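A short worksheet on the structure shown next.
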Amino acid sequence: VLVGSHGEKDGLNDDAVLDYRGNPVDKSKTGGWLAAGLILGCELSERICVMGISMNLVPYLVGDLHISAAKSATLVTNFMGTLNLLGLLGGFLADAKLSRYVTVAISAAITSLGVILLTVATTIPSMRPSPCDEYRRQHHECIEANGRQLALLYVALYTIALGCGGIKSNVSSFGSDQFDVTDPKEENAMIFFISRFYFGISIGSLFGVIVLVYIQDNIGRGLGYGISAATMVIALAVLLCGTPWYRFKRPQGSPLTISWRVLFLALKKRNQSYPSHPSLLNDYENRKVPHTKRFKCLDKAAVLDDDCAANTNKNKPCVVSTVTQVEEVKMVLKLLPIWSTCILFWTIYSQMTTFTIHQATAMHRTVGSFVIPAGSFSAFLVVTILLFTSLNEKVFVPLARKLTHNVQGITCLQRIGIGLILSIAAMVGAAIVEKERRERAIQKEIKLSAFWLFIQFFLVGCGEAFAYVGQLEFFIREAPDRMKSMSTGLFLSTISMGFFVSSLLVYIVDHATKKSWLRTNLNKGKLNNFYWLLAALGFINLLVFLILASRHQYRTHLPIKPESREEELKSLNNEMIEDVEKKASIQSLKNIEP
């Protein structure tokens with residue numbers, strides 16, 4: 001609050017870094033690893049909560065609430081999709097008004113409330129239907145949880161989604177704010193922080209899927225979720241206690257606001273005619289990026305009409321946009337075709353949190369006398385992601401540099417392509433494993449080992465190691481310099497849409513097959529056909545991606561010439577003179593006889 005209210009104090013500019021009292025920071029007393037480490041606790045707790053809930057929610061919905069497998073999968077994917085989508089809202093609020101610190105603190109409090117509500121919802125006996133024996137379960141005669149029993153569960157899950165979305169979109173940026181990139185020593189520390197940040201995420205994920213899932217299945221869900229709630233409350237307390245050591249930046253406005261304003265003004269001025277030359281557009285002389293002809297209809301947002309002709313309205317963003325703002329929106333729109341082909345990867349990834357876990361419940365999970373919880377098999381996914389993320393940078397990229405003689409080794413689009421290929425292979429492997437599991441269960445009454453699920457976990461994990469980095473790098477690199485936060489938004493939206501597309505596919509398949517593919521009793525269903533469908537859709541998506549990627553031109557930073565209409569006309573005139581002289585010389589050569 002003090003940072004925001006003392007914004008103009010002492011003539012400080014918008015980029016000034018302040019302490020919690022609104023004064024210029026003292027580097028010796030603020031920021032650095034101490035502040036960043038305190039902030040990292042929030043992300044660690046967020047991962048513990050999300051992974052501990054999402055990776056083991058389907059067994060609870062199917063086994064305790066007697067909800068069908070298809071409906072349970074849809075509930076989980078809708079929850080995860082909403083969580084990532086609300087990350088956009090959290091980022092917008094932080095950039096536009098609240099600041100990252102306030103947004104993270106409020107989001108952590110909301111998450112704590114949500115997990116406490118989930119603890120209550122899974123502990124109170126009246127929130128669950130009566131128990132069901134194995135015979136009734138096999139014949140689908142169990143009583144499903146009613147709306148009253150599910151109400152508190154839904155409120156808890158979407159409260160968690162709201163809070164975790166705000167944390168996810170801001171905590172890494174707020175942690176990076178604790179380092180001064182103009183100081184080489186602090187810049188190196190920030191790079192180390194980013195690598196430790198990802199390591200913290202992975203440690204939280206492993207703790208969630210191994211320790212908390214075991215507690216939920218063997219001791220009690222109330223205790224498991226209670227531990228998650230306690231970790232988030234502790235993380236919030238640590239975050240607040242560290243306030244005097246943080247460095248703060250004031251909100252400078254969200255790029256989403258600029259984008260919507262350009263689109264609105266272009267629509268509003270759609271009936272106006274284009275100027276005779278682009279240099280007549282608003283603020284053409286001061287543009288930061290070259291003017292382009294693509295998406296020409298958006299240029300109307302920068303048209304100076306009669307009301308704007310006077311300089312009084314030129315600087316009012318609600319009346320007219322600048323050429324730079326219009327071109328930046330065009331650059332974002334240019335990314336959307338590639339963005340659309342990234343969605344299906346996350347649709348395939350979402351199966352690792354739903355049907356793959358449901359498969360594990362029907363497979364042999366015993367090692368000696370110890371029964372491994374179904375949700376804990378997702379640890380294979382986390383470990384694979386950790387392993388291949390390290391191998392990417394230490395083995396694959398250096399090897400690719402030697403083979404391609406390219407500094408990058410492999411481009412971000414090539415990374416995405418590899419991820420898409422591996423996701424298709426994962427669905428092919430999942431379909432084969434499920435077919436074998438079902439045949440053994442029906443014909444020989446033998447349970448296939450759940451360790452066969454390692455194939456799909458491994459391939460999807462490898463795919464994420466490539467696709468995650470490739471997508472994030474692509475959006476960061478290709479987004480406009482002043483819209484870098486849009487890159488995180490575009491990335492989160494692909495994940496969100498992937499989960500929602502999974503929900504849509506489950507709904508369509510469940511109705512189209514009259515519930516014959518996706519059954520709660522997997523032995524009576526045909527889950528392998530659903531995996532084959534995803535593999536086929538993934539292959540079609542890959543072909544579309546290859547076409548779009550081959551046509552995509554990476555962003556280049558070219559000098560903007562000419563700077564004015566007069567210079568452009570002069571340049572055009574010189575080109576015409578050169579062209580005429582060239583034609584004349586060719587004609588003269590033709591007239592020379594041998």
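Yeah, the Cβs are placed from backbone N, Cα and C, and that goes for glycine too.
Looking at 35-54, 55-74, 75-94, the range annotated in TrEMBL as transmembrane segment turns out to be 75-94. Sequence-distant residue pairs (6 or more apart) of the transmembrane segment (100-121) and the transmembrane segment (529-549) include fewer than 3 whose Cβ atoms are under 8 Å, leaving the two stretches without contact. A Cβ distance under 8 Å defines the sequence-distant neighbours of the transmembrane segment (222-246), meaning residues of its chain 6+ beyond its ends; these are 19-20, 29-31, 34-35, 38-39, 41-42, 44-46, 48-49, 52-53, 101, 104-105, 108-109, 111-112, 115-116, 118-119, 122-123, 174, 178, 208, 212-213, 215-216. Beyond the ends of the transmembrane segment (197-216), by six or more residues, the same chain brings 40, 43-53, 55-56, 60, 172, 175, 223-225, 227-228, 373, 375-376, 378-379, 382-383, 385-386, 389 to within a C-beta distance below 8 angstroms of the stretch. The transmembrane segment (488-509) makes contact with the transmembrane segment (75-94), as judged by at least three Cβ pairs under 8 Å among residues 6 or more apart in sequence.
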